[in-house]
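**Q** Sharing the feature lines straight out of TrEMBL:
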- 1-16: compositional bias 'Low complexity' (COMPBIAS)
- 45-642: domain 'Major facilitator superfamily (MFS) profile' (DOMAIN)
- 445-501: domain 'Kazal-like' (DOMAIN)
- 1-21: region 'Disordered' (REGION)
- 44-68: transmembrane segment (TRANSMEM)
- 80-100: transmembrane segment (TRANSMEM)
- 112-133: transmembrane segment (TRANSMEM)
- 170-195: transmembrane segment (TRANSMEM)
- 207-226: transmembrane segment (TRANSMEM)
- 260-282: transmembrane segment (TRANSMEM)
- 333-355: transmembrane segment (TRANSMEM)
- 375-394: transmembrane segment (TRANSMEM)
- 406-424: transmembrane segment (TRANSMEM)
- 527-554: transmembrane segment (TRANSMEM)
- 566-589: transmembrane segment (TRANSMEM)
- 618-641: transmembrane segment (TRANSMEM)
Amino acid sequence: GRQRPSGSAGSALSARSEPEFEEGPCGWGPCTPRALQLCNNPEGYLALSSLLAVAQGIVVNGLVNISISTIEKRYELNSSLAGLISASYDISFCMLSLFVSFFGERGHKPRWLAFSAFMLGLGSLIFCLPHFGSGKYEYGDKLDDTCQNSETTSTNVTCNASSKSSLQNYLYVFMLGQLLLGVGGTPLFTLGTAFIDDSVSKHKSSIYIGIGYAMSLLGPAIGYVVGGQLLNVYIDIYIPERQDTTYIKVEQDDPRWLGAWWIGFLACFFTIWILMIPFSMFPKHLPGTAKVQAEKISETHDDGSAALVQTKNIGKSFKDFPVALLILLRNPVLMSLIIASSSEALVATGFATFLPKFIENQFGKSSSFSATLGGLVLVPAAALGQVISGVLVSKYKMDLKSIIKFMISTCSVALLLNTVFLFAECRTEPFAGVSETYNGTGMLHNLTAPCNANCGCLRSMYYPVCGRDRVQYFSPCFAGCTSYVVDSDLTKIYYNCSCVGKPKMKNDSEDSLYEAVRGKCETQCEFLPFFLTTFFFAVVFTFMAVTPTTVAILRCVPDKQRSFALGVQLVFLRLLGTIPGPILFGIAIDSSCILWDIDECETKGACWVYDNKRMAYLLLGMSAACKIITIIFVVLAVYFYKPPASNKMLSQQDAEMVTSIN
């Protein structure tokens with residue numbers, strides 16, 4: 001909001017507050033080289049803060065997410081403990097967000113961002129330290145995936161619930177790293193955004209904020225791509241040679257393979273710490289800030305809060321914290337926008353987590369290919385949506401009420417496009433022992449049948465193969481295959497499979513060259529291009545509400561409370577959106593599971609096979625419910641909003657003159 005006091009008292013106040021815009025040159029103390037002044041402007045600052053946002057995204061939303069499964073295996077953690085590592089970031093972010101945004105509002109914001117870079121770098125370093133403390137990785141002997149006669153197969157699995165590995169103690173180091181990353185992320189998305197809004201005119205700020213947000217989305221994309229490539233490097237770089245004759249060298253497709261998850265964190269530690277240097281050079285306010293601030297017209301919601309903050313000078317000391325927080329919590333426009341954006345965040349994080357899994361199961365693609373497709377849809381679409389909306393808000397010089405109405409229309413279009421899930425569901429492909437029996441033998445929901453009863457198969461080894469009968473089998477062992485060869489493109493082809501039926505397709509000859517081949521059966525579902533195209537536009541329209549929401553929040557609160565308002569929004573986003581989002585989506589997706597991983601110790605693990613129709617309908621139901629909640633609260637924001645009385649008295653000519661200045 002922009003509260004410009006009127007009358008002689010207002011002029012005195014303005015004069016008194018004028019020195020607070022300490023504009024200065026770029027540099028350290030008396031050392032201010034002329035070359036550095038080329039960056040001493042909003043564009044230079046935006047470029048630098050975008051780099052930091054990209055680096056933060058690479059570490060927090062890219063490398064951490066892609067490394068979690070490797071860390072689970074290496075440090076013998078179960079999924080709930082791994083979830084605790086992920087949650088540690090959100091915990092520290094929530095705890096500190098309010099305090100950093102409250103104290104930093106009147107402080108030296110660029111120096112706060114230098115502190116942000118310091119903590120992000122330190123968090124990255126600490127997160128990769130367990131690799132250097134845990135010694136070399138030792139993998140066991142290779143488990144045979146084919147059918148062995150049970151008399152000769154020793155499957156002695158010891159089940160000891162109380163055994164706890166000393167490696168699990170590294171959990172606390174990972175949590176500390178994530179807590180520090182949370183500390184570093186807080187100033188970036190509160191004070192960093194408010195500093196941009198301070199430095200540019202009202203109608204330009206939406207473009208700058210939109211570009212900044214879009215750039216921050218590049219981080220997770222780069223993190224996933226680079227992190228994925230690093231996982232193709234062996235965890236200790238060099239694969240150890242072993243002397244025993246039974247030994248087969250570990251390959252990338254081996255379940256025992258672990259990738260070098262730690263390299264990315266170490267590289268980010270050095271990169272992020274370099275960014276501290278330029279942030280420490282910026283002045284408290286960029287040149288021209290005082291002029292920009294003087295020309296801004298207030299759009300603060302008219303509930304008396306702006307006058308209260310101005311006259312009582314709220315925010316100067318820590319004892320103002322409860323009052324400042326109460327002022328924001330009692331602002332119905334702000335709270336409506338915050339709840340609406342939290343509902344959107346719930347859907348966005350849910351899909352970011354589970355879209356690859358949806359593609360993998362609905363369309364029968366590999367997990368790596370599904371993750372790539374998911375990233376190619378989500379990241380460009382989200383970035384495009386944020387930039388487009390920022391440009392539109394700026395181009396049409398929208399006031400606060402117009403911005404909120406614009407958000408209603410984008411959310412409504414996104415809701416309509418989300419119905420793509422109704423048309424994208426594909427039938428669940430035949431799976432022996434799950435959706436159908438083994439050629440009429442055995443029972444449904446039981447992987448063991450007469451044809452593989454003597455094979456001594458392990459349920460803990462999910463290694464799907466597709467039979468020539470176009471039925472998927474849990475592993476070569478459960479398909480009853482006793483031998484295999486590796487063809488020229490390193491694909492395993494299995495023979496002598498007692499469970500695999502006759503070919504179903506006319507062009508498959510009875511004595512075809514294989515009985516089963518590694519991997520899932522190719523789906524007959526052709527909806528993938530249509531689904532990805534429609535979902536791309538659904539994401540564009542969903543994210544078109546993000547930049548306008550931030551701009552609306554910055555405008556509807558008193559001037560001195562803008563960073564604090566963003567801090568409050570981020571806490572609600574975490575508590576109502578990004579923390580429960582993946583949990584609720586995970587519960588919904590798990591409820592559509594038809595084959596769980598249950599090992600020899602009867603421990604329930606991940607889900608192997610889903611009911612596709614049920615999964616599609618559950619995702620549609622959840623996303624539609626959240627979109628409707630968003631639309632309701634954005635409509636309430638329009639209903640509650642009252643422009644400041646001083647604005648109502650402005651004549652049309654004055655308004656036009658102000659617009660032309662901006």
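Backbone N, Cα and C define each Cβ position, glycine as well.
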**Q** Return yes if the transmembrane segment (170-195) and the transmembrane segment (260-282) have at least 3 CB pairs under 8 Å (sequence gap of 6 or more), otherwise no.
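**A** These two segments do not touch.
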**Q** For the transmembrane segment (406-424), could you work out the same-chain residues 6 or more beyond its ends whose Cβ comes under 8 Å from its Cβ atoms?
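**A** Hits for the transmembrane segment (406-424): 340, 344, 362, 389, 392-393, 398, 527, 530-531, 534-535, 537-538, 541-542, 544-545, 548-549, 552, 616-617, 619-620, 623-624, 627-628, 630-631, 634-635, 638.
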**Q** By DSSP, what is the split of the domain 'Kazal-like' (445-501) into helix, strand and coil residues?
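**A** Per DSSP, the residues of the domain 'Kazal-like' (445-501) fall into 0 helix, 17 strand, 40 coil.
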**Q** What residues elsewhere in the chain lie close to the transmembrane segment (566-589), defined as a C-beta under 8 angstroms and at least 6 residues from its ends?
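**A** That would be 87, 90, 93-94, 97-98, 100-102, 186, 189-190, 193-194, 325, 328-329, 334, 337-339, 341-351, 353-354, 357-358, 550, 553-554, 607, 610, 615, 618-619, 622.
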**Q** Hey, which of 207-226, 527-554, 618-641 has the most Cβ-Cβ pairs under 8 Å against the transmembrane segment (44-68)?
**A** 207-226
**Q** Which range wins on Cβ pairs under 8 Å with the transmembrane segment (375-394): 207-226, 260-282, 333-355, 618-641?
**A** 207-226
**Q** Could you give the residue numbers and ranges of same-chain residues that sit at least 6 residues beyond the transmembrane segment (112-133) on either side and whose C-beta is under 8 angstroms from one of its C-beta atoms?
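**A** Counting only partners 6 or more residues beyond its ends, the transmembrane segment (112-133) has Cβ contacts under 8 Å with 49, 52, 55-56, 59, 64, 75, 100, 104, 170, 173-174, 176-188, 191-192, 195, 235, 261-262, 265-266, 268-270, 272-273, 275-276, 279-280.
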**Q** Report, as numbers and ranges, which residues of the same chain sit near the transmembrane segment (260-282): CB under 8 Å and 6 or more residues beyond its ends.
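**A** The answer is 26-28, 36, 39-40, 45, 48, 51-52, 55-56, 58-59, 62-63, 66-67, 70-71, 74, 110-111, 113-114, 116-118, 120-122, 124-125, 127-128, 131-132, 223, 226-227, 230-231, 233-237.
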**Q** So if I exclude everything within five residues of the ends of the transmembrane segment (618-641), which remaining residues of that chain have a CB under 8 angstroms from its CBs? That is, six or more out.
**A** 301, 332-333, 336-337, 339-341, 343-344, 346-347, 350-351, 354, 358, 400-401, 404-405, 407-408, 411-412, 414-415, 418-419, 421-422, 545, 552, 556, 584-585, 588-589, 591-592
